[in-house]
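Novice: Structure provided below as structure tokens; questions to follow.
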Amino acid sequence: MYTRFGPPIVFLISCYALILCGTVDALPRAPYFNDDINKTTTTSEDKTVGNTVVEEEKKTYTVGDSEGYQEASRLLQKSLNLSLDPCDDFFEYACRAWVDSHPIPDDLTSYSQFTATREKVLAEMRKLYEDNTSIPTSKSIALIKQIYNTCMDTEKHNAVGARDLLEKIKTYGYWPMVHNEKWRESTFDLTKLLSNTIQSRDVSVFFDFGPAEDSRNVSRRLLSFDQGSLGLGYSTRDYYLDEKKYEKQMKAYRKYTIGKVRYYTEDAGMAVNESKIESDVDEIIAFEKEWAQILVAEEDRRNYTKLYNVRRFDDLKEYMSIIDWKKLTLSTTPFLVHSYLKTNPSIIISDVEYLQKMNTLLQNTDPRIVTNYILLRWAGSWSQEIGKKYEDLQQEFAFQMYGRKQRQPRWKDCVSSAGGKLSYASGSMYVRKYFDANAKNTTLDMITDLQEAFRNMMHANDWMDAETKKYALEKADQMLKQIGYPDFILNDEKLDDWYKGLEGAPEDSFSQLVEKSIQWRNNFYYRRLLEPVNRFEFISSAAVVNAFYSPTRNAIAFPAGILQQPFFDARFPKALNYGGIGAVIGHEITHGFDDTGRQFDNVGNLRDWWDNTTSSKFNERTQCIIEQYADVKLRGTDLRINGKLTQGENIADNGGIKQAFKAYKSYLEKHGGQEARLPQFESLTNEQLFFVGYAQVWCGAKTPETKTLLLLTDPHSPETARVNTVLTNQPEFAEAFKCPAGSPMNPTKRCVVW
């Protein structure tokens with residue numbers, strides 16, 4: 001698989017939550033307990049939480065009163081509703097108060113603990129970009145601040161509008177639906193048109209192609225070719241294939257597209273013919289519907305052996321003859337790699353049949369429609385640069401499509417845009433100002449604990465044969481650990497060397513800086529076709545609130561952005577940290593052994609290392625997960641989870657919390673059997689607090705429109721299932737809260753893979 005975004009080009013099958021992936025400093029180990037947390041000794045009586053007895057025996061325990069414990073208590077007071085029965089619906093018990101007190105902001109389509117933390121990081125990055133008290137010593141940091149500042153120049157964007165965009169299109173041979181008779185079909189050249197859109201904005205539309213690690217030999221990179229994405233985004237084919245069911249969304253898409261073309265036509269100084277614009281847009285959507293029938297659904301693209309088809313470069317003309325592939329690649333890659341491309345190198349094609357079908361569709365489609373569509377998609381890459389009236393149109397569409405009530409502040413767009421262009425530079429700024437370096441070692445300690453828990457789970461496993469189990473243990477032991485950030489980003493000289501060749505002139509506009517950064521990035525990664533892969537290269541920006549697993553590196557990554565509340569705080573009870581970041585760590589470790597991660601070996605090569613009988617048993621267990629989640633209906637709707645699409649994330653969720661709980665219990669055994677309880681929550685045992693901590697990560701809500709979209713496109717299950725369905729599979733949860741057998745949170749049937 002190939003992605004053009006992120007620091008290194010690396011195949012990531014997992015991130016802990018959707019967002020629309022070093023070495024560890026030798027720091028002293030952080031203490032597990034502060035000296036002042038064990039203050040008050042209390043004898044408990046039988047207590048209840050809701051209708052559930054949580055203390056049956058008199059026990060002596062302590063209540064912590066440190067600053068960290070007090071803060072953790074205050075946070076939970078805003079989340080838990082202790083009047084509810086945790087055995088009925090744990091999400092409601094652990095999250096209802098938080099959800100009720102944190103309505104979705106008007107400029108967002110969802111709001112959760114994850115979102116709140118991301119919003120915090122965005123605001124922190126804004127402060128850094130807008131801080132003019134000192135001159136940056138790094139050229140890269142100076143450049144990223146220039147990108148932010150030019151992005152924020154809305155007065156200039158409104159004054160220029162779509163003028164630069166339209167002037168550039170003239171050099172491409174005009175836009176039929178905008179320039180009408182100025183476009184000539186006789187001049188249509190698909191290869192040249194795509195060459196222009198890729199060179200300037202990296203818009204290839206019908207396919208993704210570029211350097212990617214060779215899944216069978218991850219020490220090298222090959223050119224990789226994969227299917228493209230529709231106008232509504234990846235995995236949105238269902239909207240086009242069932243227009244009756246998704247009538248609201250498709251009407252909004254049509255209206256939005258018509259509005260944009262109307263504005264483009266006006267800005268080009270051409271006469272607006274409303275009926276002609278509507279006809280052109282209808283032709284485009286009809287074309288997309290045909291294309292949607294060719295695209296393979298993501299849930300059917302989970303066998304990576306089937307997606308690994310090695311061919312020679314010259315074979316492309318056999319599969320997709322409508323494009324001159326040699327001309328296209330030579331015109332969009334740096335001169336340094338031209339000799340390599342002329343050797344007819346090996347390439348990887350994810351789906352040969354897709355290229356063949358796409359070739360037929362393009363050959364049978366009016367060139368006017370193809371040109372209109374490509375330029376419409378290309379123009380979409382200018383959305384932040386062409387002024388308020390286009391942004392207002394986009395907001396109308398976002399309200400219908402995603403339920404977003406108002407456009408987000410400009411500064412959020414610009415923070416995201418700048419960070420996306422120079423992600424290591426943004427990470428450098430964030431780490432220097434906001435990251436506690438001690439968190440790296442504390443996290444490493446927890447990873448060690450989680451890996452030990454996984455090994456113990458593997459040893460206790462009774463369905464794997466000895467040889468497969470032995471190799472699984474080796475893979476777990478050899479998993480690379482990347483925490484916080486790569487060290488080089490804190491060295492100005494090394495950071496600037498990474499971005500060598502990327503420079504902005506003082507007079508550059510935002511659009512010019514965008515194109516320079518895109519062209520630099522593509523040149524940078526294409527040159528890597530000639531270099532061996534550095535398996536140890538950090539796979540994420542530091543200023544990211546997420547976690548990742550890369551199967552082709554067998555690496556887990558925890559950027560600096562996620563190593564904070566509510567996932568982690570060294571001052572909090574370990575129950576909350578193991579339930580929070582501990583479950584995140586376990587989730588990523590488990591991804592190495594989910595339905596897709598298990599297809600790769602200890603160094604990341606695509607290789608079947610499973611005994612056939614053991615593989616069959618794994619598939620049986622996975623099928624249980626698929627069917628279990630497919631039976632989950634979202635509250636208040638008739639929508640159900642796609643169990644096949646979400647199976648990998650569900651396996652990781654279930655395995656991750658099991659590892660985290662075992663690691664926490666092991667920690668308690670090593671430290672006296674219990675830790676101090678939280679003030680105001682003395683009734684919660686250590687084990688119960690662990691599960692509360694796990695649930696906190698997923699407290700949140702989405703608009704109805706976004707729920708629909710994510711059920712179709714997101715490989716993660718909704719928050720309620722990431723709490724309730726996961727915990728129903730954990731007998732330790734039912735034991736901790738003493739849930740009666742047969743109660744909603746203690747069912748008679750459970751699904752367990754790991």
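Cβ from N, Cα, C; glycine included.
The active site annotation in Swiss-Prot covers Glu588 and rests on sequence analysis. Feature annotation from Swiss-Prot assigns disulfide bond to Cys87-Cys739, Cys95-Cys699, Cys151-Cys414, Cys624-Cys751; the stated evidence is sequence analysis. The annotation domain 'Peptidase M13' is assigned in Swiss-Prot to 63-754 on the grounds of sequence analysis. Per Swiss-Prot, N-linked glycosylation site is recorded for Asn38, Asn81, Asn132, Asn217, Asn273, Asn303, Asn441, Asn612.
Map the listed features onto the structure and describe their local environment.
Specialist: The 10 Å shell around the Cβ of Glu588 (active site) contains 27 further Cβ atoms across the protein chains shown. In three-state terms derived from DSSP, Glu588 (active site) belongs to a helical segment.
For Cys739 (disulfide bond), the Cβ neighbour count at a 10 Å cut-off comes to 23, with all displayed protein chains included.
With a 10 A radius on its CB, Cys699 (disulfide bond) counts 25 other CB atoms from all the protein chains.
Residues near Cys151 (disulfide bond) in space but far in sequence (CB under 8 A, at least 6 apart, same chain), listed by position: Gln384, Arg410, Asp413, Cys414, Ser417, Ala418, Phe510.
Cβ neighbour count for Cys751 (disulfide bond): 19 (other Cβ atoms within 10 Å of its Cβ, all protein chains included).
Within 10 Å of the C-beta atom of Asn81 (N-linked glycosylation site) sit 15 other C-beta atoms, taking all shown protein chains into account.
Asn132 (N-linked glycosylation site): 8 other CB atoms within 10 A of its CB, across all protein chains. DSSP classifies Asn132 (N-linked glycosylation site) as coil under the three-state reduction.
Around the Cβ of Asn217 (N-linked glycosylation site), the number of neighbouring Cβ atoms within 10 Å comes to 14.
Here the Cβ of Asn273 (N-linked glycosylation site) has 14 other Cβ atoms within 10 Å, regardless of which shown protein chain they belong to.
DSSP assigns Asn303 (N-linked glycosylation site) to coil, not to a helix or a strand.
Secondary structure from DSSP puts Asn612 (N-linked glycosylation site) in a helix. Within 10 Å of the C-beta of Asn612 (N-linked glycosylation site) we count 10 further C-beta atoms, all protein chains included.
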Novice: Hey, does DSSP put Cys414 (disulfide bond) in a helix, a strand, or just coil?
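Specialist: Looking at the DSSP assignment, Cys414 (disulfide bond) belongs to a helix.
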Novice: What does DSSP assign Cys87 (disulfide bond), in three states?
Specialist: coil
Novice: Cβ atoms within 10 Å, counted per site: which of Cys87, Cys95, Cys414, Cys624 has the most, among these disulfide-bonded residues?
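Specialist: When each Cβ's neighbours within 10 Å are tallied, Cys95 tops the list.
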Novice: Could you check what DSSP calls Asn217 (N-linked glycosylation site) once collapsed to helix, strand or coil?
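Specialist: Once the DSSP labels are grouped into three classes, Asn217 (N-linked glycosylation site) ends up as strand.
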Novice: What are the sequence-distant neighbours of Asn303 (N-linked glycosylation site), meaning same chain, six or more residues apart, C-beta distance under 8 angstroms?
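Specialist: Non-local contacts for Asn303 (N-linked glycosylation site): Gln599.
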Novice: What three-state class does DSSP give Cys151 (disulfide bond)?
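Specialist: Where Cys151 (disulfide bond) sits, the three-state DSSP reduction gives helix.
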Novice: So how many other Cβ atoms are close to Asn441 (N-linked glycosylation site), meaning within 10 Å of its Cβ?
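Specialist: Step by step: centre on the Cβ of Asn441 (N-linked glycosylation site), count other Cβ atoms within 10 Å, giving 19.
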Novice: May I ask for the distance between Asn217 (N-linked glycosylation site) and Cys739 (disulfide bond), taken between their Cα atoms and rounded to an integer number of Å?
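Specialist: About 50 Å separate the Cα atoms of these two residues.
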